[in-house]
Amino acid sequence: MSEPVGRAVLIAGPTASGKSGLALALAEKLGGEIVNADSMQLYREMRVLTARPSEEEEARVPHHLYGVTAASAPLSAGRWAVLAAEKMREIAARGRLPVVVGGTGLYFRALIEGLAPIPAIPDDVRAAVRAEVGDAGPHAHALLAEADPALAATIRPSDLQRIARGIEVARATGRPLSAWQQIPPEPLVSGTFAKIMLMPDRAWLQARCDRRFDLMLEEGALEEAAAMTALGLDPALPAAKALGLRPLMRHLAGEITLEEAAAAGKAETRAYAKRQETWLRTQMIAWKGFSTQHSESLNAEILSFIDDLGLTRS
């Protein structure tokens, strides 16, 4: 059952679109606290590689759910939504405004629309399935097709993470994930929400992706990649797929030059931003889109939108 949080600002958008800067500006203006809705910024080992707010920015207003889990311990969308809902209620109880920001659309969906009530998967089942899927490689999709044909029809053979999820749910619960997904979900929170989606010009966004990757290299991305390499993570883990991480690891292994790694990292980031744009436009059509770049004029436009909804403080 959803619990009311009164009012909140939700900010979505592709990577490098200026979400974090906007969230900080709004939180300072409206007496808010920021809640992270970016799946990669949950990991404590990758502040630079995931473009988490800096320590200086985090000191300006309270930030929640940043760097809260290890790269080896990913959080599901459902688990994140539970944590985010708790933070939103705590923030509202203090008389402040929750500002939830990130580019992981599924997280927002889990929070305000709900997800299927799938039981927790035992660790031994999860570990066994992940090992089996890893060993099967390109044949893993066939394993899913046996366990859940309907789900298999919607998943690419290369998406081992989702393949493993489908298999583990079927084995642990005796019911296919596709069947669980037919159960009407319940949102975790309710209230008056300003749903903001940043969609800047694509050429501007792609140039910003490139500049941001260069800045990451200056701020220590290579050192973070070295630390991640030392962890010896399973490459199937979500954290191992952080944008630019694999090219930098290849450079550290002597396989490619730093220039080649940077070019590959930038290409990954641009491609991901494009996929995010497509997903957000098609899956979050009820959100208010803002197509201009982050600026003072955009802030004023968004503040007007928030004020029209009655969310600004008196």
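Every residue gets a Cβ built from N, Cα and C, even glycine.
Annotated features, as they stand in Swiss-Prot:
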- GLY13, PRO14, THR15, ALA16, SER17, GLY18, LYS19, SER20: ATP binding site (BINDING)
- THR15, ALA16, SER17, GLY18, LYS19, SER20: substrate binding site (BINDING)
- 38-41: region 'Interaction with substrate tRNA' (REGION)
- THR104: site 'Interaction with substrate tRNA' (SITE)
- ARG126: site 'Interaction with substrate tRNA' (SITE)
- 161-165: region 'Interaction with substrate tRNA' (REGION)
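Separation of the C-alpha atoms of PRO14 (ATP binding site) and THR104 (site 'Interaction with substrate tRNA'): 9 Å, rounded to the nearest whole number.
When secondary structure is read from DSSP and collapsed to three states, ARG126 (site 'Interaction with substrate tRNA') falls in the helix class.
Counting residues 6+ beyond its ends, the region 'Interaction with substrate tRNA' (38-41) has Cβ neighbours under 8 Å at 49-52, 66-67, 74-75, 77, 80, 101-104, 107, 238-239, 242-243 in the same chain. Residues in the region 'Interaction with substrate tRNA' (161-165) partition by DSSP class (helix H, G, I; strand E, B; coil) as 5 helix, 0 strand, 0 coil. Separation of the C-alpha atoms of ARG126 (site 'Interaction with substrate tRNA') and GLY18 (ATP binding site): 36 Å, rounded to the nearest whole number. Listed in sequence order, the residues GLY103, LEU198, LEU205, ALA273 complete the 8 Å Cβ shell around the ATP site centroid, once GLY13, PRO14, THR15, ALA16, SER17, GLY18, LYS19, SER20 themselves are left out. Here the region 'Interaction with substrate tRNA' (161-165) has a mean pLDDT of 91 out of 100. Within 10 Å of the C-beta of LYS19 (ATP binding site) there are 23 other C-beta atoms, taking all protein chains into account.
If you measure from the Cα atom of SER20 (ATP binding site) to that of THR104 (site 'Interaction with substrate tRNA'), you get 13 Å.
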